[in-house]
């Protein structure tokens, strides 16, 4: 190896080009408390949405699922995020990791898979919000009123995101605290009525287990830990802040899922078919009265707002990072003069969200999980290869394992990812394949444009 190539190799290990320069020009940074609640909303936002696990497999399997699954999935994902987000603290997150590990093609593909899964996931939130509101206003159950409510809620929530990430962060804190209160009350009122024997029920006789729905529900409720990594360029001292925020959000999320689940399944005789999305509101009415049902529904709406804002923020700043890496036109890093937010990314994400928001909710979950699984397999591979490729790079937080241990840690959740993909329907597989082919075509189109017109992807580091 020549002296020049040796120097280049050392430079690659010590000074990876990962930090989005646009973020460095932004003096308004996220502190730890808003980041904790943004991560919490990226992953959870409350117990809303976990009801289907009971309906699919019964109380015992649901309880075990929300106890065991964090250890085989959430904790490994959070540890990987903590290590790589502190080693490569720039907007783009996992896009940067794949790019550093395997090159621009895989970085672009990672960005496409994760962005599409993010915006499809976004589309489920306005629909879920309307599903709760229709319990109070039945006119929104179907037809034009429902479609109009979904559209208006999407536009309103996207405008709130446009006002700035710091505002969104502190809004997430307020929304998180308020949306948790109904479940605290539900748990307290449940205590005198709890029969522990109900927790060990495997489900009602004659009700078949729906394992694909069960695992998709667990996966949907406990993934996306890595999404906050795309905000690393907007975080104050990310090397110190990210590990603490991930640990705090992880503890909060596990408690938020498990405690209300134990309370509701223990206090109410099992009617498995009732355990569908939105059932916690009916459970609250049975346990404490109509007033708590209304409070749960209000909390659900507030939680969904937080979920939408956190996910949209992650998707938008991922696009900023992709533009900085040359995977997207430079216009995606242009920021608003008023709020310093990347308005082009917000607009594009909102348009895609609205376009797919009228799909069936179960189909949305399956599509999100399939695309996300592809991205996570690539993320695990990137994590392992970066340990081998750049062993001496500074890692402010490092998972305390050697490479063989890390491989075992990644193999277990990888097996689950493969299962999620295998049980996907033909339609989900076809849609995901088509989207993947389109993203590959986009990569080569961008390369062609860069060779002909560099200004398309290269411009000033920060544009007003």
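Numbers here mean position along the shown chain, with the first residue as 1.
A Cβ is built for glycine as well, from the same backbone N, Cα and C atoms used for every other residue.
Curation does not apply to TrEMBL; its annotations are automatic.
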_Of 221-244, 245-268, the range TrEMBL labels transmembrane segment_ = 245-268
*Quick one: sort out which of 30-49, 90-109 is the transmembrane segment according to TrEMBL.*
30-49
*Identify the transmembrane segment range according to TrEMBL, selecting from 428-445, 446-463.*
428-445
*Under TrEMBL, which of the candidate ranges 168-191, 192-215 is annotated transmembrane segment?*
168-191
*Does the transmembrane segment (30-49) make contact with the transmembrane segment (288-308) through 3 or more Cβ pairs under 8 Å, each pair 6 or more apart in sequence?*
yes
_Stretch in 144-162, 168-191, 367-387, 428-445 most in contact with the transmembrane segment (288-308), if contact is a CB pair under 8 A_ = 168-191
*asked:* Can the transmembrane segment (399-422) be said to touch the transmembrane segment (245-268) if we require at least 3 CB pairs below 8 Å and skip pairs under 6 apart in sequence?
replied: no
